[in-house]
Amino acid sequence: MTWTRPMPNLDNKNAIAFEFARICSLASVKIMEIYESDFEFRGKDDKSPVTDADELAEEIILAELQKSLPGVPVLAEESFAAGLRPKTDGAFILVDPVDGTKEFINKNGEFTVNIALIENRAPTAGCVYAPAREQIFVGGTTAWAGPLKAGQSVDADALQAITTRDRPAGGMTAVMSRSHADDKTLAFADAQGVTEKVSAGSSLKFCLVAEGTADVYPRFGPTKEWDTGAGHAVLNAAGGAVLTPEGTPFTYAKEEVEYLNGAFVAWGRRG
C-alpha cells in the first residue's frame, strides 16, 4: 500500500501567506548573493533565460515548503522545465523563484520571488518579494506591504495594510510590462481611457495596483501560472480582481495547456 502524507490544514490564509513570506526572505539571501556577483545566464529550451539564482533559490523554497506544508503538491518553474509534473487537481502551491529574470540580468531590481497557494483553481494566499528593492507584499484575507531586507524575519506588525484605490475622476493609470508591452495591451489601455501609463517588471505590476499606485494591469502576451499566482493573491486580498478581457474569472490548474495563461486584466477597485 502506498502511504502519502495527509494534507495540512490550509484554512488560515494569513498564516500561510506569512509562511510564504518567511521562505521568500530566506531564499533571497542566495538570490542577492548571486545578483551582486558577476553571474552568467543560460537559455532554456523555450529560449527564456535562467541563472543559478533561479535554480538554487527554487531548491531552498521547495525544501522549506516540504517542511512547513508537507503533502501539498508544488508546481515550480524550474522543476517543471526539468520535467516534474505534480498533481494540480486539488490544492497546490505555485513557485517562481525569480520572476523577471530579464530584470535580474539587467540589474534594475525589478525581479521578485513568488509563492502562491491555489485552491479550487484560484489563488487564496500569496507572497511577492522584491529583494533588491527590499519590498514585500503579502496577501491572505488582507493584503500587507512594507520594507524587508533579504534574510530578515518577517514581522507582521511592521507591515501596513494596503488596498486598491477608487478610480480617479481624471482617468486611470495603467501599469504595463517593462519587457513585454505589445499593441493589444496599448490598444486596450486607450479604449479604457487610460491617461497615464507606467512600466514595471515582474509581478510588481499586480502589487502597484494592489497598493493603489495604479488602477489596472492589462496583459495580452503569454505568461505562466507561476508568473501570476502570487500577485493575483495579493491583489485579491487588497480588493482587486483578475479577469479575462471578457470579464470572466481568471483560473489556474490548466494542466492541459501546460499552465500557460491566456490574456488577463488585473483590476483595482471597480465601479
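Each residue, glycine too, has its Cβ placed from N, Cα and C.
Note that this is a predicted model, so its numbers are computed, not measured.
What TrEMBL lists as Mg(2+) 1 binding site is E77, D96, V98, D99, D227. Under the DSSP three-state reduction, V98 (Mg(2+) 1 binding site) is assigned to strand. Counting only residues at least six positions away in the same chain, the Cβ atoms of I31, T51, A53, D54, A57, F104, F111, T112, V113 sit under 8 Å from the Cβ of V98 (Mg(2+) 1 binding site).
Around D227 (Mg(2+) 1 binding site), a 10 Å sphere centred on its CB holds 23 further CB atoms from the protein chains shown. Here TrEMBL flags E77, V98, D99, G100, T101, D227 as substrate binding site.
A C-beta separation below 8 Å, combined with a sequence spacing of at least six in one chain, links D96 (Mg(2+) 1 binding site) to A76, E77, T112, V113, N114, S203, K224, W226, D227, A230. Per TrEMBL, Mg(2+) 2 binding site is recorded for D96, D99, D227.
Shown in sequence order, D54, D96, P97, F104, F111, T112, N114, S202, W226 are the same-chain residues outside E77, V98, D99, G100, T101, D227 whose Cβ sits within 8 Å of the Cβ centre of the substrate site.
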